[in-house]
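Once you've had a glance at the structure underneath, I'll fire off some questions.
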Amino acid sequence: MDPSDQKHFTVVDYVIFAVLLAASMAIGLYYALSGGRQRTTQEFLMADRSMGCLPVSLSLIASFQSAVAIIGVPAEIYTHGTQYWFIGCAYILGLFIPAHVFIPVLYRLRISSAYQYLELRFSKTVRICGTLTFIFQMVIYMGVCVYTPAFALNTVTGFELWGTVLATGLVCTLYTTLGGLKAVIWTDVFQTVVMFAGQLAVIVVGVLRTGGVSEVWRKVWEGNRIAGLDLNPDPTERHTFWTLGVGGIFLMLSLYGVNQAQVQRYLSSRTEKEAVRSCYMVFPSLQLALALSCVMGLVMFARYCGEDHSDKLGSSSRDAMVIYFVMDMLQGLPGLPGLFVACLFSAALSTISSAFNSLATVTMEDLIKPHFPAMTEARATLLSKALAMSYGLLCLAMAYLTHLMGDSVLQVALKIFGMVGGPILGLFCLGMFFPWANSIGAVAGLGAGLTVSFWIGVGSIVTRTSGVKPLPPDCRVALLSNDTTAAIQTALSDVALSRPSGLKRFYSLSYMWYSGFNCFTVILVGLIISFMTGRKVLTHVLSPQRSSPPHHKESNGQVGTSQEETESFLPEAPFVEYETAV
């Protein structure tokens with residue numbers, strides 16, 4: 001980027017940004033030196049199961065509302081219009097189902113890792129497979145979350161790219177390692193407030209500098225950026241009501257139903273009722289966050305439609321345009337650029353700290369403790385802290401690889417969740433809703449789901465054409481002459497004839513369907529293999545009123561229970577069973 005076009009921070013901006021990092025560190029130090037001082041794994045990983053619904057709900061929002069969303073959603077609206085806004089419809093069932101299906105099951109088992117359920121339901125092998133899949137997913141996503149704000153800021157302001165990545169990663173690693181889950185949740189609360197304040201400041205100033213609400217509305221309307229309800233059932237269409245409103249439900253379930261980063265927050269609640277309430281409280285806040293991001297994209301369109309700033313930025317990335325817009329709008333207002341950058345990095349910090357803590361938990365509970373049952377509590381806590389720090393350093397390495405990805409950051413992030421989160425969701429659904437599924441079917445289903453998801457994902461990248469440089473969005477949809485109309489109709493017919501077919505059409509599946517498609521693949525293959533290998537008769541359903549799972553004995557990888565425990569069945573509970581061979 002031309003240095004003369006770069007937007008610069010004032011001293012006040014640097015101070016505000018530094019205060020954000022210092023406050024996050026201070027919260028971590030506070031919880032490292034107060035209470036139980038993070039001396040037990042129960043406190044470090046589960047916050048002593050003492051959290052209220054308000055901090056948990058704000059933490060749930062912060063984990064999802066990453067820097068990817070704050071940059072990616074406005075860029076999407078600026079480029080393609082408001083069709084993406086319909087994903088808000090998916091939030092209804094995407095939060096209602098976890099609140100009444102997944103949370104009751106997982107909370108009543110009194111587990112620390114969501115994947116412990118898979119061992120209780122299937123076998124230790126299935127649990128390890130689920131854990132490794134989750135680790136793979138989160139390590140990749142962490143790289144995207146750290147790199148995205150650092151790259152955008154470097155492109156526009158000339159901030160040292162890897163210095164920014166390093167500062168973000170190290171601060172987050174330190175307060176997560178020192179303060180445990182309590183520090184993660186309370187920094188999320190603080191960072192959520194900063195996020196909303198930063199976005200609101202940009203919108204208000206942007207509207208005023210663009211000419212007011214009526215002028216913004218006139219430009220986005222004339223520029224055809226207000227999308228109607230698109231009911232096209234074609235699954236290869238990138239965004240329609242069905243891909244966003246229905247496909248988005250499966251995406252939300254994979255995030256808020258079975259993702260350890262979110263499940264761990266439910267499990268840290270004081271009671272099951274508080275956990276369910278926190279899930280409900282997420283809904284209005286997520287809708288507000290989505291609305292702010294979409295409105296920001298519309299204001300950005302009204303300000304820059306018809307203008308091409310890619311030469312100034314040295315990049316055609318719409319993601320970098322968002323930061324340019326923010327710095328352009330807030331330039332000359334000391335403190336506000338720093339507030340938005342703090343907002344952006346708050347989103348990154350909240351997401352990756354959640355990832356560090358959840359990765360440390362599943363590694364400790366699923367991969368280490370089962371092999372070292374006699375490990376002392378002090379050593380287990382120290383090892384958990386070392387794991388959190390190790391994942392933090394690994395995150396920095398993954399950030400280095402993220403710049404190789406070609407899509408927008410929003411699309412890359414949702415593809416990752418669909419490709420890996422979808423099969424994990426299918427594995428949990430297979431266990432909870434199909435009592436005749438067995439361990440062999442579960443492993444085969446997960447393997448098939450991951451294979452198909454990467455087949456589609458890699459295929460879509462390989463077959464993607466580079467195309468021409470996108471034109472800047474225009475402020476006005478011009479009235480067309482007859483000759484122009486005829487030329488466009490001819491071009492559209494040529495496009496229709498050249499639409500992909502066969503495997504290329506399969507690779508063109510909308511990334512919003514990845515979660516649902518891969519979930520059903522796991523369930524279908526899992527059920528077929530279960531019937532082929534001899535289905536299981538589930539002789540026990542864990543009582544939802546138990547404070548902890550009953551003792552059980554393993555025999556050939558299966559778990560048996562006593563007659564007394566079998567009689568403790570409550571019919572309203574989903575399947576949380578131990579299985580015995582026929």
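For all residues, glycine too, the Cβ spot is worked out from N, Cα and C.
According to TrEMBL, the feature region 'Disordered' maps to 543-582. If you look up TrEMBL, you'll see 12-33, 53-73, 85-107, 128-149, 161-181, 193-212, 239-258, 279-302, 339-362, 382-401, 413-434, 511-532 (among others) marked as transmembrane segment.
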Look at every Cβ pair spanning the transmembrane segment (128-149) and the transmembrane segment (279-302), keep those 6 or more apart in sequence, and say whether at least 3 of them are under 8 Å.
no
Is the number of Cβ-Cβ pairs under 8 Å between the transmembrane segment (382-401) and the transmembrane segment (413-434) three or more, considering only pairs separated by 6 or more positions?
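Taking Cβ pairs at least 6 residues apart, the transmembrane segment (413-434) and the transmembrane segment (382-401) are not in contact, as fewer than 3 fall under 8 Å.
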For the transmembrane segment (279-302), I need the partner stretch with the highest count of C-beta pairs below 8 angstroms, choosing only from 12-33, 85-107, 339-362.
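So the stretch in question is 85-107.
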May I ask you to check whether the transmembrane segment (413-434) and the transmembrane segment (12-33) make contact, with contact taken as at least three Cβ pairs under 8 Å and only pairs 6 or more apart in sequence counted?
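Taking Cβ pairs at least 6 residues apart, the transmembrane segment (12-33) and the transmembrane segment (413-434) are not in contact, as fewer than 3 fall under 8 Å.
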Same-chain Cβ contacts of the transmembrane segment (12-33) under 8 Å, 6 or more residues past its ends?
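Result: 167, 171-172, 174-180, 182-183, 186-187, 190-191, 194, 334-339, 341-342, 345-346, 349.
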